[in-house]
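Written below as structure tokens is the structure these notes are about.
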Amino acid sequence: MWIFLGVMGFLAFLVFGIMGAIAKLRKKNTVKRNLIISAACLVLFIVGVSNADTEPTNDVETATVAPSVKPAATEQAQAVIAEKTEAPAATPTAEELKAIEAEKKAEAEKKAKEEAEAAAAAEAKAKEESVPREHKSALKKAETYAENMSMSKAGIYDQLTSEYGENFPKEAAQYAIDNIVFDWKENALKKAQTYAENMSMSDSAIYDQLISEYGEKFTAEEAQYAIDNLE
């Protein structure tokens with residue numbers, strides 16, 4: 001501000017000084033006035049220059065920005081971090097390894113057993129589906145004779161193939177005999193009890209009737225079981 005006033009005063013001093021000099025040469029009455037103004041401007045110039053030296057400078061101070069410091073984690077945050085941090089897995093002991101191997105072996109055996117059972121079931125189903133209808137009928141008829149008439153296996157075969165009986169083909173009858181599941185000893189015992197109760201036969205006669213090819217056609221073992229358990 002003072003510098004500006006000083007410069008303006010100096011310029012005014014020069015202007016009015018020149019004007020005063022010109023007025024003097026022309027002998028005008030404004031010489032005195034111009035000289036006074038010129039002197040005042042000179043004073044203003046001097047004051048402006050002197051105050052400019054003492055005027056405080058508005059230096060821009062560089063603000064020192066303190067480096068940002070990341071606040072320390074709170075106890076709660078540290079606890080969460082600790083929970084999420086997985087502890088290294090401990091080396092299993094010999095007993096643990098043994099238990100793991102035993103478990104793997106048991107699982108493998110179970111899986112193998114299940115696969116074997118599934119394969120056997122699938123094979124049985126496929127085999128059953130491939131059996132001719134007549135063979136299945138012969139098997140059902142054989143089961144009926146075994147359950148309701150307590151017949152022997154040989155007696156059932158003869159009945160299935162007889163032209164006076166069921167008249168099944170030999171292949172169908174043999175399929176029935178091969179696939180029927182029954183307790184033939186119990187059938188022999190039931191027959192023996194029938195002979196004993198209804199015909200009052202002796203043990204020897206009952207035995208002969210059980211094994212006779214013209215009688216029941218049980219095996220000797222089956223007939224002996226019947227005699228041994230006859231009441």
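Heads up, the Cβ atoms here are built off N, Cα and C, so glycines get one too.
Note: TrEMBL annotation is automatic and uncurated.
Under the heading compositional bias 'Basic and acidic residues', TrEMBL lists 124-137.
Residues or ranges marked as domain 'Putative host cell surface-exposed lipoprotein Ltp-like HTH region' in TrEMBL: 134-180 (among others).
What TrEMBL records for 183-230 (among others) is domain 'Putative host cell surface-exposed lipoprotein Ltp-like HTH region'. Along the domain 'Putative host cell surface-exposed lipoprotein Ltp-like HTH region' (183-230), the predicted structure has mean pLDDT 97.
The region 'Disordered' annotation in TrEMBL covers 108-137. Residues of the region 'Disordered' (108-137) grouped by DSSP class, helix first, strand second and coil last, total 28 helix, 0 strand, 2 coil.
Per TrEMBL, transmembrane segment is recorded for 6-23 (among others).
Residues or ranges marked as transmembrane segment by TrEMBL: 35-52 (among others).
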